[in-house]
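Quick notes on the structure that follows.
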Amino acid sequence: MEESPPKQKSNTKVAQHEGQQDLNTTRHMNVELKHRPKLERHLKLGMIPVVYMKQREEILYPAQSLKEENLIQNFTSLPLLQKLYPKDPENMVRKSWASCIPEEGGHMINIQDLFGPNIGTQKEPQLVIIEGAAGIGKSTLARLVKRAWKEGQLYRDHFQHVFFFSCRELAQCKKLSLAELIAQGQEVPTAPINQILSHPEKLLFILDGIDEPAWVLADQNPELCLHWSQRQPVHTLLGSLLGKSILPEAFFLLTTRTTALQKFIPSLPMPCQVEVLGFSGIERENYFYKYFANQRHAITAFMMVESNPVLLTLCEVPWVCWLVCTCLKKQMEQGRVLSLKSQTTTALCLKYPSLTIPDKHRRTQVKALCSLAAEGIWKRRTLFSESDLCKQGLDEDAVATFLKTGVLQKQASSLSYSFAHLCLQEFFAAISCILEDSEERHGNMEMDRIVETLVERYGRQNLFEAPTVRFLFGLLGKEGVKGMEKLFSCSLHGKTKLKLLWHILGKSQPHQPSCLGLLHCLYENQDMELLTHVMHDLQGTIVPGPNDIAHTVLQTNVKQLVVQTDMELMVATFCIQFYCHVRTLQLNMEKQQGYALTSPRMVLYRWTPITNASWEILFYNLKFTRNLEGLDLSGNSLRYSVVQSLCNTLRYPGCQLKTLWLVKCGLTSRYCSLLASVLSAHSSLTELYLQLNDLGDDGVRMLCEGLRNPVCNLSILWLDLSSLSAQVITELRTLEEKNPKLYIRSIWMPHMMVPTENMDEEAILTTFKQQRQESGDKPMEILGTEEDFWGPTGPVATELVDRVRNLYRVQLPMAGSYHCPSTGLHFVVTRAVTIEIEFCAWSQFLDKTPLQQSHMVVGPLFDIKAEQGAVTAVYLPHFVSLKDTEASTFDFKVAHFQEHGIVLETPDRVKPGYTVLKNPSFSPMGDVLRIIPADRHFIPITSITLIYYRLNLEEVTLHLYLVPSDCTIQKAIDDEEMKFQFVRINKPPPVDNLFIGSRYIVSGSENLEITPKELELCYRSSKEFQLFSEIYVGNMGSEIKLQIKNKKHMRLIWEALLKPGDLRPALPRIAQALKDAPSLLHFMDQHREQLVARVTSVDPLLDKLHGLVLNEESYEAVRAENTNQDKMRKLFNLSRSWSRACKDLFYQALKETHPHLVMDLLEKSGGVSLGS
């Protein structure tokens, strides 16, 4: 807490400060250049609104000026998370680590979609619950809905009448009739009551703060039909409305802090739940421009906040943002240098009265104010009469001061008073708890009585969710105690007050607490000793529940938490520092990555983008976290500045991280210099996973420089080698030879399974590192490809049986779990078994059925054959984008095409990327999703981009596809492109979800000819022609950029950089070689050595050449050789007399029998094969 400087001195300081700003023109221009264009742009677009509030409502946006504005424009950036599937009413509170996993997931929506069809239920909800933390903006949102409807901008066609009720005011009424209730909900009567009630399906009732009053809204007379003029208790009337006894067709919008509404509304139907997540990054900045009338003050204030990541994160909560702005404004008015060093909401609240309330009122009148707040909280009251104020000892002068400073507000409609915000009332109530002693007026309330009152008010389950309790923890921390002693000029007994915290913790211990609520309390307290003790206790008391996604044997090692907001992420990562049991932290998990589940870990789920401030806080905390050894950020799209901040942490001497997963993080060669600096800095890092990133040759060379440094401790590096040049791969192999401890691996394996007794589809996972240890750390060769099945013993080769039918065979050697990365298929088998897999086309089966009208294809179609009973589970891939870990199986079906017709089977489980069938029966089968036709274009899907190139004499031709992530489609495109000698270039897929039927614009660097420039994302069967854009590059002497943007919003959804080195060999040599084409070797002669060594099935090749190139005598002479290598040598010996046309026939036959070998040789040679 800063001392208030003398006024004269402070004015001098302000003058000096402003003078320095004027003199320092460079800094001043930087400020203006950074903020003025954004401000001017927002002003022109009307995106910096001044929201008008009635005097009786909470004024979080001071109205400096009033003007008409488009309210809907303000809703578009407000983060609203709609839950896909309603929660179990008995488990509506996030109670433990395990129950905090994303059971139902959700998706971001706009305010216009609140009463639209729910993706989970396909029905329009009659009841929408807006939930969220204290001060998150629920009430403001509800009022803006009413105002936007009134101005014709929202729901005007849906509702004829919208009624708004503040439940805190409604609770003051004892009895009301339905007519009186409707009259209260209207500013001005709009129609006779009979006319209003004649169309109940056109009525919307908004009940703000439904959980605030101390009532139970039970439908006590469900069979009794009351007249609209008959008066009854308010809680009974509302209970009848919500219970559908009265106006069953009406619509309702409720706002509430808690999701556990069943105890307040026993007859509550299953609602659509929408969570308000607070201000986005840009909204926090915009708020400062709304609050401060002076533009320069707004810029100065926001710059100060922006420089403090913790303070910026706290501003995610709108009421805290208001608190920060109010404190900064007071400092400006008092001539102080702007300074807010608060790290918690409690510290900010303590700052508020010290700046706004004069010294003369602090000691006595603030205590009376705290008593008023506490009485209101215990009795669920937020409105107070003048007699209530007098009863607590508040004199007129003090009340006038509190009104002037904004601590209290006077309600013009009811001549009553309230605190500026309910959270502020709860803060003062918390102070009252601490200041209480046995002689004060609250019934000789002692320590136990305080705790019992808190439990009675909030309940044991919700105790740590209550702002009053969180403020108590903050006030009883060391900094909180100092702040109160300074505010009240008194001395508090630290030991006695600490005992109160243990009483609160003890009362909740028999019941499973909300883990996130408890973490919030611990964060507010900031006491290291308390944090260490409580977090250590959590290790033994919190165990996973039935929804834990961890595998059954090891699930007690996994703690899982949903962190929807930046604030929750900051709180969780701060507290994890003191959780000694956790060894690995995983953020925003998409899939299980390739590491051991046996290592205790914490999984933080997040569906909304993470701001730079949150990344900075996370990495700062990691510097001092001694227990964490692993960090998994896979699936997060990381900006360069974020990786820069991460690498600064990894280079910090105290950082203990040993394993880092950055799979599919959008990394490019530019990032590799940062990672190389970590490898060269004597860091503790020993394992690094970088698959599914576009690092390129240049990036990997930078990594090699770091690996060569003698202080580098890295022992395992995972990369995608398929896109690297032979020269870079050789460089990596040389590094391995020089450093026996270093293992560089390709092929990303999501799991490596080890069979155990009683193993089911959730087999125990073990890491590559563990397997290496079990094998005695012997050097391992890179074996297998993405087409192989990876199992307990490593890769199992997949055999091509019939190329025309796309029929494959795999012989699984033992019991275990096997996964094929390229197809997404996953089998759990009980014994050795041979499985045949045929790629099928949906059009062969679906076109003649009505299924395509009611269901949408969401995955590939396979015809699988296996011995009955050998396969205990099959995982079938799908491309619906599910952000949660476990989705409902209600709408997903597995379609079986059998002789007698179609069978739709409900999968046992649905997870991101696949469905699970236990003890399956096999036939042509694949995933479908039950839909209504109108929703087909609103299902988020995972997509891929495919780029192919062919080198011509004067130019390069590219083919660019945007298709759903379906291996059968990719295989069909690969085959078609290979016919015309096009070679695929591997680039990362789009990060965002896309939608079937959406259109996208393809663009790129200058001098590119693109036809067509517009692509539609659609699902076409693998037998159908796939849409693509053809791109001509006249002279690719330098890199080119390709982009795909959403046509509607022109938002960038995908970007790739193509360099001349991607088209190997280098283009100048290719261009010159093509001019001398007659002198170039044919493919057959160019790759003689590799073909002799790698062609494994010579007889099928000979059969295709028999009669065309080989006569009977030559055919038998080659077959007479003993080994495949000898047969190929004999064939090449005969080929000396062949013409180019004969060699072309050999090349075509080789493509049909050994397509992957031809593709591999083409890629390594740059795709040039003349005569083919």
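Glycine residues also receive a Cβ, built from the backbone N, Cα and C atoms like all the rest.
Pulled from Swiss-Prot:
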REGION    1-22  region 'Disordered'
DOMAIN    126-435  domain 'NACHT'
BINDING   GLY132, ALA133, ALA134, GLY135, ILE136, GLY137, LYS138, SER139  ATP binding site
REPEAT    627-647  repeat 'LRR 1'
REPEAT    684-704  repeat 'LRR 2'
REGION    789-922  region 'ZU5'
DOMAIN    789-1072  domain 'FIIND'
REGION    923-1072  region 'UPA'
DOMAIN    1082-1165  domain 'CARD'
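DSSP assigns GLY137 (ATP binding site) to coil, not to a helix or a strand.
Broken down with DSSP, the region 'ZU5' (789-922) shows 9 helix, 73 strand, 52 coil. With the fewest other C-beta atoms within 10 Å around its C-beta, ALA134 stands out among the binding-site residues ALA133, ALA134, ILE136. DSSP gives GLY132 (ATP binding site) a coil state; it is part of no helix or strand.
Close to the recorded ATP site, the chain also has ARG257, VAL276, GLY278, VAL317, PRO318, TRP319: residues not among GLY132, ALA133, ALA134, GLY135, ILE136, GLY137, LYS138, SER139 whose Cβ is within 8 Å of the site's Cβ mean position. Sequence-distant contacts of LYS138 (ATP binding site), defined by Cβ-Cβ distance under 8 angstroms and a gap of at least six in the same chain, are ILE130, GLU131, GLY132, ASP208, THR255, THR256, ARG257, VAL276.
Across the repeat 'LRR 2' (684-704), DSSP helix (H, G, I), strand (E, B) and coil residues number 9 helix, 4 strand, 8 coil.
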